[in-house]
Amino acid sequence: MAGSISSMYSPSAGLISLCQSQVRLLQQGLRVDWCGVYLNQEETEQGLVPLVVSHGSTLVESESYGLISLPQGEVSPPMDDFSLPAVPVGVGQLSRRSRLEPPPFDADKRLVLPLVYGEEMVGLLVIHRSQGQWHGEEMMQLEAIAKSLAVACLLDQQQDWYRQAWEEQNQQYQWERQHWADLLHQLRNPLTALKTFSKLLLKRWHGDNKSQQVVEGIVRQGEHLQELLQSFEASQSQGPEAVPLLSSSPVTTIQVLPPADRVETMPLANFSLGEVLPPILLAHQAIAAERNITLTAQIALIDTVVMANRLALREVVNNLLDNGIKYTPNGGLVEVSLALEKVSSSGMDWATLAIADTGYGIPPEDQQKIFERNYRGVQGRGSINGTGLGLAIVADLVAQMGGKITVTSPNGLSRDPDQPGSTFTLWLRSGEQV
C-alpha cells in the first residue's frame with residue numbers, strides 16, 4: 001500500500017538535515033552528481049514533493065523544483081524482502097520553478113528508489129550518476145540508505161501527527177476549561193441573590209419555628225453551595241499544566257467547538273426591556289442594601305423594545321450590576337438609567353442602558369484591557385476578590401447580540417477623588433428597526 005503525506009504535514013528540520021547528510025554521503029562515496037529526495041503528496045495524483053535536491057556539490061532549496069511526475073509502471077514495486085529493483089528504472093520529467101535545470105538523464109545511469117517501510121511507500125530517492133555503471137555493492141549501500149530514509153520519514157510523519165493531535169486536544173481542553181469558568185462565574189450571581197433573599201426572609205420571619213428551621217436550612221445550603229463553588233473555581237485555576245496523554249484514537253474524533261461558534265447560533269428576538277430588567281433590579285437592590293449601597297433606577301423607558309437575546313441580556317446586566325456593587329464602598333451609589341440614542345452616521349436607533357457607580361474607578365491604562373479574560377488591572381492588587389471573567393463574558397455576549405459596550409471613568413458622579421466612579425454603557429439595537 002503506497003503511503004501518502006497529509007497536506008498539513010511539515011517535515012521537521014531534523015528530517016531535512018538527515019536527508020542532506022545522506023545526499024552528501026552519496027555524492028562523496030558514490031560520485032552521484034544529481035540526487036533528490038521526494039515525499040508522496042496527499043491529494044496530488046502521482047505527485048511528489050521535493051524535500052532535498054542536490055545538483056553537483058550544491059544543495060538546492062526544495063522549493064526550487066516543482067512536483068516530479070512519474071508515468072505508471074516506471075517504479076518497480078518493492079519486493080517482499082524490501083530489496084531494491086535489480087536494474088535501474090526510469091524517471092519522468094522534472095518540472096522546475098528556478099533557472100537551475102536538472103541534468104539530462106541517461107536510462108542506464110539513473111535510479112529511482114522507492115522509500116518503503118512495511119507496506120508504506122512514503123517517497124522516492126532519485127539518483128543520477130554520469131560516470132560509471134552501478135555495481136552490486138553500491139546497490140546494497142543505496143538500499144540501506146533508502147531504508148533508513150523511509151524509516152526516518154515515517155517517524156517524522158508520526159511525530160508531526162502527534163504534535164497536531166496534541167495541539168487539537170490542548171485546544172479542546174482550553175476551551176472546555178474556559179467554558180466551565182464562564183458557567184461557574186454565571187452561577188455566582190443567582191446564588192448570591194438566593195442567599196441574600198434567604199437571609200432577608202429569615203430576618204423578617206415571624207411564623208412558627210418549624211417554618212423558620214426550613215428557611216435556616218435554605219440559608220445553610222446556599223452557603224454550602226457557595227463554598228463548593230469557590231472550591232471548584234480554585235481547583236479550576238490550578239488546572240494541570242499539560243494535557244493528559246493522548247489516546248490511540250484518530251485525531252478526527254476530536255471536535256473542537258470554540259466560543260466563536262456561539263456567535264452564529266445565538267437566537268435574537270424583539271422583546272421589551274420590561275420583561276428582563278425588573279426582577280434583576282429587585283434582586284440587586286436587596287444585595288446593595290445589605291452592603292449599605294443605594295441602587296437607583298431611572299427606567300421610564302422600560303417598555304423599550306430591543307433586538308437581543310433574553311438569557312444573554314440577563315447575564316450581561318447581572319454581571320454589570322454585580323461589578324458596580326462589588327467595587328463601590330459602603331455608603332456609595334449605583335445608578336441605572338435607560339435612554340434612546342440615534343447614531344447619525346449609520347442611521348441606527350440604539351437603546352442604551354448605563355450602569356454608573358461611585359466606586360474606585362478604572363485607570364485609563366486598564367480601560368483598554370478591562371474586557372480581556374482574566375485581566376483585573378489595578379483591582380487585582382486590592383483586597384476585593386475576583387476572577388477577571390465577568391466583563392469578558394459581558395463583551396462576548398454583547399458582541400453576539402450585535403451590540404456594544406463602553407466604559408467611562410471617572411464619570412463625575414462622585415466628588416471624592418479616591419472614588420472617581422465608573423459608567424458602563426450597554427448599547428442594544430432597537431427592535432423597532434428590525
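Every residue gets a Cβ built from N, Cα and C, even glycine.
Look at CYS19 ([3Fe-4S] cluster binding site): DSSP puts it in a helix. Over all protein chains present, the Cβ of CYS19 ([3Fe-4S] cluster binding site) has 28 other Cβ atoms lying within 10 Å. The [3Fe-4S] cluster binding site annotation in Swiss-Prot covers CYS19.
Taken together, the residues of the domain 'GAF' (16-152) have an average pLDDT of 65. Under the heading domain 'GAF', Swiss-Prot lists 16-152.
Per Swiss-Prot, the feature domain 'Histidine kinase' maps to 182-432; the stated evidence is sequence analysis.
The feature phosphohistidine is assigned by Swiss-Prot to HIS185, with sequence analysis given as support. In three-state terms derived from DSSP, HIS185 (phosphohistidine) belongs to a helical segment.
Under 8 Å from some Cβ of the motif 'G1 box' (357-361) lie the Cβ atoms of residues 324-325, 327-329, 332-335, 379, 382, 409-411, 413-414, 416, 418-423, all in the same chain and six or more residues away from its ends. Swiss-Prot lists 357-361 with the feature motif 'G1 box'.
For 386-390, the entry in Swiss-Prot reads motif 'G2 box', with the evidence type a curator's inference.
When other Cβ atoms within 10 Å of the Cβ of HIS185 (phosphohistidine) are tallied across all protein chains shown, the result is 21. Here CYS19 ([3Fe-4S] cluster binding site) is positioned 53 angstrom away from HIS185 (phosphohistidine), judged by their C-alpha atoms.
According to DSSP, the secondary structure content of the motif 'G1 box' (357-361) in residues is 0 helix, 1 strand, 4 coil.
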